[in-house]
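A.B. asks: Reproduced below are the annotations present in TrEMBL:
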DOMAIN    26-150  domain 'BAP29/BAP31 transmembrane'
TRANSMEM  27-49  transmembrane segment
TRANSMEM  70-88  transmembrane segment
TRANSMEM  118-139  transmembrane segment
Amino acid sequence: MGISATPSSPLKLGFLSSLTSKPPTMALEWVVLGYAAAAEAVMVLLLTLPGFHPLRKGLTSVTKNLLKPFLSIVPFCLFLLMDIYWKYETRPSCEDDSCTPTEYLRHQKSIMKSQRNALLIASALLFYWLLYSITHLVVRMEQLNDRVEKLKNQD
C-alpha cells in the first residue's frame with residue numbers, strides 16, 4: 001500500500017506543492033538590501049534633522065559603530081549588480097513577432113524587476129556614502145565644539 005500524491009488527493013507532499021506554487025516576488029537578498037537601505041536612510045534623517053541635539057551624541061556613537069558592519073553592503077551590492085548583469089545577458093530576447101503575449105509580458109516584467117533592483121542597489125550605496133559623510137562631519141563638529149568649550153573655560 002503506497003501513498004499517492006494525485007492532485008485530487010487531500011494528502012500532498014510538501015515539495016510537490018512547493019513546485020507548483022508561484023515564486024516570491026522579491027528574493028531574500030533584495031529584501032535584506034531594502035531593509036539595510038531603509039535603516040541607512042533613517043539614520044541619515046535622524047542625524048540631519050534639527051531638534052535632535054540632545055539625542056545626537058548617542059545617535060552619533062551608535063552610527064559610528066554601525067558604519068563598519070554596514071560597509072559589507074558595498075561588496076553585497078557589487079555581487080547583486082553582477083547577478084543583474086548575468087540575468088540580463090542570459091535573458092531570452094523577445095523581438096518582433098517571435099514570442100507570445102505572455103512571453104512578452106514576462107520579458108517586460110523581468111526588465112522592470114532588473115531596473116527596480118538596480119535602483120535599490122544605487123540607493124543603498126548612496127545612503128551608505130551619505131551616512132559615512134554625515135557621521136564624519138557630525139563627529140568633527142562635536143570635536144570642534146568640545147574644543148571651543150575648553151577654550152572658553154580656560155579664559
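Easy rule for this one: first residue shown is 1, then count along the chain.
The backbone N, Cα and C atoms fix where each Cβ goes, and this holds for glycine too.
On this model, are these features tucked inside or out on the surface, and what's nearby?
C.D. replies: Within its own chain, the transmembrane segment (70-88) has Cβ neighbours under 8 Å at 29-30, 33, 36, 40, 110, 114, 117-118, 121, 124-125, 128, 131, counting only residues six or more beyond its boundaries.
Beyond the ends of the transmembrane segment (118-139), by six or more residues, the same chain brings 30, 33-34, 36-37, 40-41, 43-44, 47-48, 56, 60, 63-64, 67, 70-71, 73-74, 77, 80-81, 84 to within a C-beta distance below 8 angstroms of the stretch.
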